[in-house]
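For reference, the structure discussed in these notes is given below.
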């Protein structure tokens, strides 16, 4: 194998060779090609970045808010100019098709755009008269050094709802990107620096357990934002909180889609295919379970099977490909094991994605399991792959009861034209993000990404006004100004 480039950490505005004695291959999941190697950095390197970030915070937090916003606007413009390059990097190291990658880049740009509104977002409140000659004002201040732990499945969108907002509000930031998708972050760092961000304000340390524990334990770091699996999210929340940090942990999901008898059949099938199998099912807003009313079930499922069997599978850089690979071979094997567990427990496999006919890469085709029940492993666990479970129900009330049994409560969708049914769904379903006649109800940057139950640990969600509250603390000033001597 030819020499493979070893990535460096980004600390204090410089690319710094890691002191790690271990590197991991970064693999194109569609081909198996080794793209580069990423360091599994040491705790000492994270601690070094924390000291640098703390020093940078002292100056950056004093920069006028409009000036900070201009850096974010410049960053946004550079992202727009490099949109295609960024999308291709995502497809290369993550595997999702190029159209989906372009969509992710656009969502990342929108996150930066929202953060660039810092002058408005930072505004406090005031009351001119709370008592005789007494007024009060509420001011926002940045919390300090913030740590972020990002996943592989959205290597641009998720980090871009973390560090741009935190930095725009006056904080400094240390990011641990996924070691599976580091190349995109390398490009983002380059563009953020070009936009005029001072050295030390944004730092990137690649790694695994030691870096995560450093973020959670280092006293310099005041807040931690995490996106990833439920077990790791629980650990992050408990450990970070025990060390007196603010923590938001966005974790697993098992999103249910309800299809009622009056649903538009063609539109619903199109949306469910996209929601279940887009991004290879590796997203926390994927449709994992469909509960379909008996009156439309046969017709809907026949159309769904046909559509799933016609999905084009392959390298996301190739024209017309809809479904790319899962991220690694171990994910592929894990997914196949879940499918076989479903069969053992009595589910009916009506579309089998275990064999795709592709000789290289880590592919699982669209898979549909019917006759699923809520005691089955495939219904309970987050599979994080292009596997869809189907449950037939008698009515909306039963569909909601099924969904609400899940420990997860990230998103849920309904397909119907019945306003009463929509209202019932909205009021009774346990989930933080709801979709009506659409398959992926991920909100825009100015609304919170608001999972419930085991899908989220913390108080303040990512994005929206919650993110402003998360990355700032408040100072209320009460002042007396006597008007004595100015009487008319």
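If you go along the chain as it appears here, the first residue is 1 and each next one adds 1.
Each Cβ is built from the backbone N, Cα and C atoms, and glycine gets one as well.
As annotated by Swiss-Prot, active site, nucleophile applies to 284, with the evidence given as sequence analysis. All protein chains considered, the CB of residue 284 (active site, nucleophile) has 27 other CB atoms within 10 Å.
Take the CB of residue 180 (NAD(+) binding site) and look out to 10 A: across all protein chains shown you find 20 other CB atoms. Annotation comment: Swiss-Prot describes 150, 152, 176, 179, 180, 229, 251, 382 as NAD(+) binding site, evidence class sequence analysis.
Within the same chain, residues at least six positions away from residue 251 (NAD(+) binding site) with a Cβ under 8 Å of its Cβ are 228, 229, 230, 232, 233, 234, 284, 451, 454, 455, 456, 457. The binding-site residues 152, 176, 179, 229, 382 differ in how many other CB atoms lie within 10 Å of their CB, and the one with the most is 176. Residue 152 (NAD(+) binding site) falls outside any helix or strand according to DSSP and counts as coil. Listed in sequence order, 158, 159, 162, 175, 176, 177, 178, 227 are the same-chain residues at least 6 apart in sequence whose CB falls under 8 Å from the CB of residue 150 (NAD(+) binding site). Between the two most distant C-alpha atoms of the annotated NAD(+) binders (150, 152, 176, 179, 180, 229, 251, 382) there are 23 Å.
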